Amino acid sequence: MSFFSAAKQSLGNSLIKLGTSMAQNSQGPVDDSSLSQLENLLPPLQILTARAAMAAMNMSNDTSMSGMNMTNSTTPMSGMNMTNSTTSMSGMNMSNSTTSMSGMNMTNTTTTAKASSCKLSMYWNWYTIDACFITKHWHITSKHMFVGSIFGIIFMMMALELVRRGQREFDRWCVRRFSPASNSCCHSGAPVHSGPSMALRIFLHFLRSCFYLVQYIVAYIAMLLAMYYNGYVILFLFCGTFFGYFLFGADTISTKASSSVQTKTIVQVADEKHEHDSSQYSDTTPTTE
């Protein structure tokens, strides 16, 4: 404030001297002494004006306002220069602020639009980009992502048929391992029944339940995907089921034949046992004469 007050006082004194000399010159012809006096006053006036402008830009709003008023009261040209520079700086700051705020708003708007751009429909549709399935993280943002999702759906349905095939093979193994026909001695006498223990039965049934749980989960996910009514998804659900059954479902024909053979074997063993019991009963029956 001391520098600014001193500059203001010096500038005021210079203006008083300049006004006095101009008043004297207006009453008579301009002489050489008046011109030399004006030339001596102009350089200090320009220096003080520049210093006042720099001080006004670096100080607070009140100081800058007083600096602007002081400069406007000195010389029209210097006031215009300082006003223009202040206006330019404020215009640049306002432009930068506006650009920054608009950029931030545009970014936020774009992010919000991208986060809420999932296309959902309760009718038949063929959406590819911006389609969402089951969760918000499964958001299709490109064609490559959509193709990868389609292949994932196909492999999921093929894996379902593979699990079903695994359960059938496990059931066949259990039948072969613990079937009464496999433990019978048809040619030496009555069949010997040696079934699995209770703990083994519980363990085997637990494994079969795990197979069933996996099938149920995959089938439920397939149902949820189909509920989006996307034509591509439903089409490739069918394709995955077809390819899966084509690769892993060929055993169903032989299963029926093997089951009928096993049934005939069990019936044959039962008939032989019945005949054996009948022969023993006839041997022990006393004959009457």
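Cβ atoms are placed via backbone N, Cα and C, with glycine included.
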Given the ranges 143-163, 206-226, which one is assigned the annotation transmembrane segment in Swiss-Prot?
143-163
Based on the annotations in Swiss-Prot, which residue of Ser95, Ser259, Ser279 is described as phosphoserine?
Ser279
For the transmembrane segment (233-253), distant same-chain residues with Cβ under 8 A (at least six beyond the ends)
133, 150, 153-162, 164-165, 168-169, 222, 225-226
Taking every residue in the topological domain 'Extracellular' (1-142), what is their average pLDDT?
61
